[in-house]
Amino acid sequence: MPANDLNSSPSPPKVDAQIPPQVLVLDGGFGSQLEALGYAVDKSEVWSGGALIEEPELVRKCHQSFINAGADIIETNTYHLCIKKLRECRGYSVEQAESLVKLAVQIARDAISSSGRSVQLVGSVGPYATYLRDGSEYTGDYVKKPDFNEQIIIDYYLSQCRPLIAAGIRTLVFETIPTLKEVECVGKVLDQLGPEVRAWIVSTCQDGKRTRSGDLFSSVVKVANSIQKVVAVGVNCTAPENITELLEEANKTGNRKALVVYPNSGEIWNPVLQQFQGATQIEMIASLIPHWYLLGARIFGGCCRVMPDHIARIGIVCDKLKAKST
């Protein structure tokens, strides 16, 4: 079946009424765009979050670049903004650290307001690995240790979520989650948050079936479907060639949540040279989006190395899907 043939497949699965059926464009790699604008994310203990301290205007410009590219949804610059890390490394009080989260929300809102467009704002919440800052979001090794204590992860997430909610965020994006255990922890976190809160659960995967830790992605989808406050489930920070199979695996579970996909650009990170290599696969991503739509995906964006011009390309495809679905 041709990837772009909208008429050769049955209707996509139904999703919960909490998520509108229309196609939406998400933003791209925030840290990647910050680097392109001149900010060295690896110089800060909170990576892209450091720009909120040192160059907040650059954060606004970064949001604006994705909005101008056509994003319908943008995420707050809070993925790496770890409250615990700010306290340990910078000596911040809880109040000082939380004020940066609120600043991140305000800057994103200002960027939306100045654009004149109707853009949704969601709160980015990185995995526990963003506190460890050891790359373990790509292994999930921290849940495999003999002394693993899920309460530590629950407490981490609560400390990240509460200031976002206090700043008015109502949809939290738990993203780049490498393990099923951490997804289960997110469910327990959501039980402790207010009834107004909604969430996405988004995992990073090593292939077309398994998360980075080796858990079945289908198991992640099943757990996500059991959590009432979860309105979307999906994949990010994953090679684009694995997305189709992952969506198929999700549908085998009887998934009824909206599916969200925002893969990496397709470039490969060389840990020895400390740089990305190879060409982007944005055209391949763009060509597959219509098929991903047929598999139930409704929100499309990008993660590492997906820049505003790439989001604009994704947006062109999504505009065609929007026209066909009306």
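One-based numbering along the chain as shown.
Any Cβ shown, glycine's included, is placed from N, Cα and C.
Look at TrEMBL and you will find 12-318 tagged as domain 'Hcy-binding'.
Summarising the annotation, TrEMBL assigns Zn(2+) binding site to Cys237, Cys303, Cys304. For the recorded site, Cys303 (Zn(2+) binding site), the DSSP three-state label reads coil.
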One residue among the binding-site residues Cys303, Cys304 has the fewest other C-beta atoms within 10 A of its C-beta, namely Cys304
For the recorded Zn(2+) site, enumerate neighbouring residues of the same chain (Cβ within 8 Å of the Cβ centroid of Cys237, Cys303, Cys304, site residues themselves excluded), in sequence order. Gly29, Thr176, Thr204, Asn236, Thr238, Tyr262, Pro263, Asn264, Gly302, Arg305, Val306
Near Cys237 (Zn(2+) binding site), how many other Cβ atoms are within 10 Å of its Cβ? 22
